[in-house]
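S.K.: OK, TrEMBL features for this one:
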- 6-29: transmembrane segment (TRANSMEM)
- 41-58: transmembrane segment (TRANSMEM)
- 144-163: transmembrane segment (TRANSMEM)
Amino acid sequence: MVQLQLLPVGALLMFAIEFYHTLAHFMILSGMRMLPRKDLIRIRYYFLVDTLSVIASTCLTGRFIWLTCLQVIQHLFYFFTWEQSYMAKRIVDWSSLDWFKPGGNKGAKESRVLSQMDSFLGTLFDMVVHMCMMYALASEYLNVTGVLVAVLIAQAALYVVVFNPKFAWSHPNSMPAWVQRRLGTLALQYD
C-alpha cells in the first residue's frame with residue numbers, strides 16, 4: 001500500500017520539523033539567537049505552525065496525547081491573546097532582543113531565567129514536548145539513517161532561517177547595527 005509506505009517519509013519530515021522547533025526554542029532559552037520585539041510580534045502565526053506540528057506528530061504516533069492537549073491550549077492562548085494579554089506581552093518581551101537593550105529592562109536582565117520563571121518554564125515545556133514528539137516518531141518509524149537525514153534537514157532549515165544574515169536573528173552581544181536600530185521598548189515595565 002502506498003499510504004503505508006508514505007508514513008515513514010511523513011515521520012521523517014515531522015521529525016525534522018520537531019527537531020527544528022526544539023533547536024529554535026533552545027536558542028531562545030539560552031539567548032543564543034533572538035529577534036527584535038517588532039519582528040517577533042509579526043511572527044504570531046509561528047505559534048500555530050508550532051502547535052500544528054505537534055498535532056501532526058501525535059496523529060502519526062498516537063502517543064503523548066495529554067501532552068499535546070496541554071501544548072495546544074498553551075499555544076492557542078498565546079495566539080489568540082497576542083499583544084493583548086499580560087502573559088502574551090511578557091513572553092514576547094522575554095523572548096526578544098529588546099530584553100537585553102541597555103536601560104530597556106531595568107535590572108531584570110541579570111538573571112533572565114529568574115526574572116520570568118514562568119516564561120522560562122513555558123518555553124522549556126514547549127521544547128520538551130517537541131523532544132517527546134521526536135522520540136515517538138523515531139521509535140515508531142525511523143531507523144538511524146532516517147534520524148540522521150531528518151537532523152540534516154532541520155540543520156539546513158535552521159541555517160536558512162535563524163542564521164541567515166538577511167534576517168534579524170542575532171545574539172544579544174553581537175547584533176549588527178541594522179538589527180540594533182530595530183530595537184524598541186518592551187511592552188511592560190519590569191521594575
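Positions of Cβ are set from backbone N, Cα and C atoms, glycine also.
If you look at the structure here, what lies around each of the features I listed?
M.R.: Tertiary neighbourhood of the transmembrane segment (6-29): same-chain residues 50, 53-54, 56-57, 60, 95, 120, 123-124, 126-127, 130-131, 133-134, 137-138, 140-142, 146-147, 149-151, 153-154, 157-158, 162, selected by CB-CB distance under 8 Å and a gap of 6+ residues from either end.
Through the fold, the transmembrane segment (41-58) approaches residues 14, 17-18, 21, 35, 64-65, 68, 71-72, 75-76, 78-79, 82-83, 92, 126, 129-130, 133, 136-137 of its own chain, all at least 6 residues removed from its boundaries and within a Cβ separation under 8 Å.
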